[in-house]
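Features as listed in TrEMBL:
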{"type": "DOMAIN", "residues": "6-88", "note": "domain 'Lycopene cyclase'"}
{"type": "TRANSMEM", "residues": "6-23", "note": "transmembrane segment"}
{"type": "TRANSMEM", "residues": "30-48", "note": "transmembrane segment"}
{"type": "TRANSMEM", "residues": "78-96", "note": "transmembrane segment"}
{"type": "REGION", "residues": "102-127", "note": "region 'Disordered'"}
{"type": "COMPBIAS", "residues": "109-121", "note": "compositional bias 'Basic and acidic residues'"}
Amino acid sequence: MTYARFLGIFVVLPILFLLVRYRRTLSWRGLAPMGLLFIVVYAATSPWDNMAVKWGLWGFDPERIWGVKLGYLPLEEYLFFGLQTLLVGLWARDRLERVLAKKPQPVSREQKSVRAERTLEPSEVSP
């Protein structure tokens with residue numbers, strides 16, 4: 001499988017699914033904070049991956065990439081950084097929005113006397 005096909009199937013298709021599913025709640029303004037996240041991801045990951053490929057820790061089969069390289073990395077690797085960040089960011093943003101939108105439940109007297117963090121239910125963190 002080529003790197004481009006991998007990106008298409010396992011990253012781009014899920015992103016498209018999330019964009020369609022959350023199209024009513026997504027806005028450019030709501031996605032703007034992810035810009036800072038992209039900067040952090042590229043600044044942290046690009047040097048490390050370039051050094052790892054240069055030192056031979058891993059590599060990329062020339063027959064499975066487009067052949068366009070920036071430094072030691074193929075273009076597909078840089079696309080992976082950004083697309084994977086977008087995928088996780090879309091999912092996390094929606095999940096957080098849903099958890100914060102839930103109305104608080106009344107607290108009984110017994111619960112008021114004990115200060116404890118509430119654990120999230122599985123339905124609050126996954127669809």
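We count from 1, first residue shown onward.
Using N, Cα and C of the backbone, Cβ positions are placed for all residues, glycine too.
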Chain residues outside the transmembrane segment (6-23) and at least six past its termini with a C-beta under 8 angstroms from it: 76, 79-80, 83-84, 86-87, 90-91, 94
Intrachain neighbours beyond the transmembrane segment (30-48), with Cβ under 8 angstroms and 6 or more residues off its ends: 71, 73, 78, 81-82, 85-86, 89, 93
The domain 'Lycopene cyclase' (6-88) - residue tally per DSSP class, helix then strand then coil: 58 helix, 4 strand, 21 coil
